[in-house]
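According to TrEMBL, the Mg(2+) binding site annotation covers A:Asp461, A:Asp467, A:Glu470, A:Glu471. Positions annotated as domain 'TRNA-binding' by TrEMBL: A:42-157. Per TrEMBL, domain 'B5' is recorded for A:408-483. Per TrEMBL, the feature domain 'FDX-ACB' maps to A:737-830.
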Amino acid sequence: MRVPVSWLREYVDLPADVTPRGLAAKLISVGLEVETVDEVGAELAGPIVVGRVAAIEELTGFKKPIRYCQVDVGTANGSGERQNIICGAVNFAVGDLVVVSLPGAVLAGGFAIGSRQTYGRLSEGMICSATELGLWEDHAGIVVLPEGFADPGTDAFDLLGLRDDVLDIAVTPDRGYALSMRGVARDAAVLYGAAFTDPAEVKPPATEGEGYPAAIADLDACDRFVLRDISGFDTDAPTPLWMKRRLALAGMRSVSLAVDVTNYVMWETGQPLHAFDRAKLSGGIVVRRARAGERLETLDHVDRALDPDDILITDDSGPISMAGTMGGLNSEIDDASTDLVVEAAHFSESGTARMSRRHNLHSEASRRFERGVDRRLPPYASARAVELLLLLGGGRMGGLTDVDPEVLAPPPIVVAEDHAAKVAGVDYPAGTSSTWLRAIGCTVEELPGVLSVVPPPWRTDISDPNDLAEEVIRFEGYENIPAIPPRAPAGRGLTRTQRLRRAVGRGLAGAGYSEVLSFPFVGERDLDGLHLPEDDPRRASLALANPMSDGEPLLRTTLLPGLLKTLARNAGRGSTSVSLFEAGLVYLPRDGAPARAPAPAVDRAPGADELTALAAAIPDQPYRVGAVLAGDREPAGWWGGGRQANWADAVEAAHEVARAAGVALRVAQAQAVPWHPGRCAALSVPGPDGEVVVGHAGELHPRVVKAYGLPERSVAMEVGLDLIEAAIAPADAPFISTYPVATQDVALVVEESVPAGAVEAALRSGAGELLEAVRLFDVYTGAQVGEGRKSLAYTLRLRAGDRTLTAEEATAARDAAVASAGELTGARLRG
Amino acid sequence: MSAPNNSYDPVEVASLHPDAVARMRDDALAAIAGAADLDALKAVRVAHVGDRSPLALANREIGALPPAAKSDAGRRVGGARREVSEAVQARQAELEAERDARVLVEEAVDVTLPWDRGQRGARHPITTVAERMADIFVAMGFEVAEGPEVEAEWYNFDALNFLPDHPARSMQDTFFVAGADGAESGLVMRTHTSPVQVRALLDRELPVYVISPGKTFRTDELDATHSPVFHQVEGLVVDEGITLGHLRGAIDAFVLGMFGERLKTRFRPSYFPFTEPSAEVDMECFACRGASVGDPDRPCRTCSSEGWIEIGGCGVVNPKVLTAAGVDTGRYSGWAFGLGVERTLMFAHGVRDMHDMVEGDVRFTAAFGSEI
């Protein structure tokens, strides 16, 4: 809402020393968020004066018409001589009053005026257009002032209002009343204790004859409908300069006098108005909902299919306007519209809101209706409009139709006298609430301890005690609210889940991984890039109805696409050796979820069954941790060679995650998409019903590497942290033996296909309780162990808690371990 | 070794002859003096001081002497051994000093050589800033509450007094989850962390003091200051006798905890459907502390020379929200606020462009380490 300060002062008697910035700060303090204060015309400098064209010499021989004019500027030029000025416009004649900038003046855009030689003559200034003066956009020629406007030589600044200050207010959805000069002026008047003149206080003019017939068919759609008509209007009458100027400052384009007047009165009072060409109407007007199949081409030349919920203004021909949103082309006023019917109505807030959202059609009118307009305004605002039309465009007053059904007034709001004080935490003196509430227009009845308040009709947002409290507190000043330290009861700190998530992040960061937070939006292309089979559950994604990009309408079911794309982006920027991790939710459609999430009533808490139904509708959103690596995990350097990231780093990243939880992952050979079929590990934890796979890790499939444009042999892992957390068992403190350790090395030969993990597990189970640790220290394949076999060399650390082991005991434990490995994995001691 | 001589035989033991002892001592001293380095001295020590050294062996023979001769021989051998031992110690000290002066110098390396053999990791600053913001409230006794990111419209809007046709509902540009066959699913990507308020009130015993950091979503194109995915930290208190004053106190405590100094805050009346009254919160610019206002010579990039930085929105929980969550509005009232994590990061660490926060470039993240 753009509010020219000069216009505002018409309704509120602000002290003379109030500055626009001071006013803005005051308005901000009561909730009218002034975003900018535009100092319109601040760059202009005089002399800019009124002139009368005394003579015109048409110059020839140029590509366009050029006039050499003599202009009477009174004594503004110091000499009283006529000013010689070259002018390229032709929309004026000798004797016209124009606006002249003399040498030394500065026009809009910092355009400095001087005397200069042009078109073979000396031009001593300029005859100005509206655009050059910063008045409004107009390229049709120079400004021709009405006869008698002012004498030549009169300074044009005040005369034309070349300088003004405009407050641009971002009106919050609850303050519909502030979408008018009337509403802003009222708050300003309260702030300064200044006199307020209500522009809606119009003495209804005498009408002539019957009003245009109208009826409301749906009281939920419209509960006030006023028509006033005039005839014999001069369609050539121009919009006066002052109105054009105000509309321009308010940010509205001048269209025609009739349209300009409706816009002007809307800005002034907040009441949207619409003018119909009476000649284009047929039969009585009815306000009703749309019927199936109805269409209307609106003023923006869009042919719209109407919804049965749309609110229409119709006549015998069908729809002629979308109520409170936009008029129809079929009843639009034009150059021949001498008889006008002006409509002012009160339409349903939710009805206009739905309609404008449904048609994505947001107009100044709909903006006001959906935020609430004063229901008592239509007869006054329409009277103001027709009086302006008759004043400026001539014609005869016609009739009035006021469809004013009985509307049940909401009951008064009964609120404790000290409610505002209790909300603010400030001990306001008695009577404070009544004073402010009356100032903003409420009717307040003071009862013992309570107030009975009826809000004014323009404050449709006020319905509850807290709304009233806000009104009191904003004028008492938010700055006067004390700061009282919080007094929370003792908290329990972070939950285990919350601590675990942080620990995982720190662990991975400590292990050299950089965290990324990628968008959760993916496309089919990303899933295809992973080479997921058609029936892979990760393809069952939720989709957005309105995605940012048509190529990424899905919500992620795996962290990998985001990580892989981020990896590719880093590689593309020259960071080719990177280790990334991401931790966050994935979104999994829930089997058996209802088609639509329920929306229980909000006038009470939902019942247990309603909460269960809500929970069932919300997708599963498990917390995952993923990592990707490429390039050198350890770079080469002056110390020697480096080491490329490989499948084992990915597995280790998963272990790093599990270690934060104190959980040991079991690693098993697996084949899973999108990993290399021979270099993929399934990671599992023990669960109540056996092993639970928590994720996979390994080298990515070369086709995936290619599809995502990743560095060769990139590796990745993804695990479900919720699943790992579920496996947490309380840590038992180990018994620390101080007796010496006995180490035994064994080299075992197994078939190539036997996983090392299985051999280790067999050694552990066979060695018994003396085994403290087992570590694989060498893997050998080659001629010495034979084709298709490998040798695995382990160190067993053996220790007893109560004695030093004898050599015999250590050997026995080793032999038992080897025997177990032999039995379970076919291992035999390497000879 | 000779057998103990208890029969007082006047036995002669050659190795205990005074000349022999003196010779052994002299040999030892010569060897010690000739030891050129610590390794050589170690060998000399074994040869001349060790258990198999001539003097040690001679010492064992003392027992073979008649009692009258024992004390004399013992004195001579003991003196020689002591002399040798002292000489070794002296030489040891000498050689160590020499080593310290020469060898350690020779072993010097260039310690400015980089040892960047492993990669340096980092957590994303949005994560760590959000944790820090939450921790300030955890320290006051708040608990961290969470909720899903794909949320029912009921939690995201209805229960928060965003009525279906209220302009505020379309004010937030919402991602809607598509239902089957183009129907509405009743699910959205949460547009704010406020649905967690409703969940906290439904799940927890009163009084409730919770803080909920999290990811939020709106259909804003990614540009320098907007992102369709961003993060908020939301606070909620519902207790008896809660006022705007308590809210202000909590905001001041946050500003103190986050920015470390007694910076002024101010409330401006505003509007949110789930709070009434509502306010925007501004903080005094910590960079210029208002000095840049009206001083074109000292422009402030942090606050655009406005002197204040908007840090979030807040207000008294609308009793309609409490009603929808089953709270007795006659007894309880509350406050809530929402702070932007990205905004906080932008002020506190001078992040210039939203792109840097969403693109996952390791060079950006590396600057922040594991904690902020």
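Every residue gets a Cβ built from N, Cα and C, even glycine.
Heads up, TrEMBL stuff is auto-annotated, nobody curated it.
For the listed features, I'd like the structural context: burial, neighbours, distances.
A sphere of 10 angstroms centred on the C-beta of A:Asp461 (Mg(2+) binding site) encloses 20 other C-beta atoms.
Across the domain 'TRNA-binding' (A:42-157), the prediction's mean pLDDT works out to 87.
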Can you tell me how many other Cβ atoms are located within 10 Å of the Cβ belonging to A:Glu470 (Mg(2+) binding site)?
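Taking every protein chain into account, the count is 29.
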Taking A:Asp467, A:Glu471 as the binding-site residues to compare, which has the smallest set of other Cβ atoms within 10 Å?
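Fewest other Cβ atoms within 10 Å, among the binding-site residues A:Asp467, A:Glu471, is found for A:Asp467.
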Mind checking how the domain 'FDX-ACB' (A:737-830) divides into helix, strand and coil residues in DSSP?
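The domain 'FDX-ACB' (A:737-830) comes out at 34 helix, 32 strand, 28 coil.
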What are the DSSP helix/strand/coil residue counts across the domain 'B5' (A:408-483)?
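Split into helix, strand and coil, the domain 'B5' (A:408-483) gives 29 helix, 14 strand, 33 coil.
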Looking only at the domain 'TRNA-binding' (A:42-157), what are its DSSP counts of helix, strand and coil residues?
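Each residue of the domain 'TRNA-binding' (A:42-157) counted once, the result is 5 helix, 49 strand, 62 coil.
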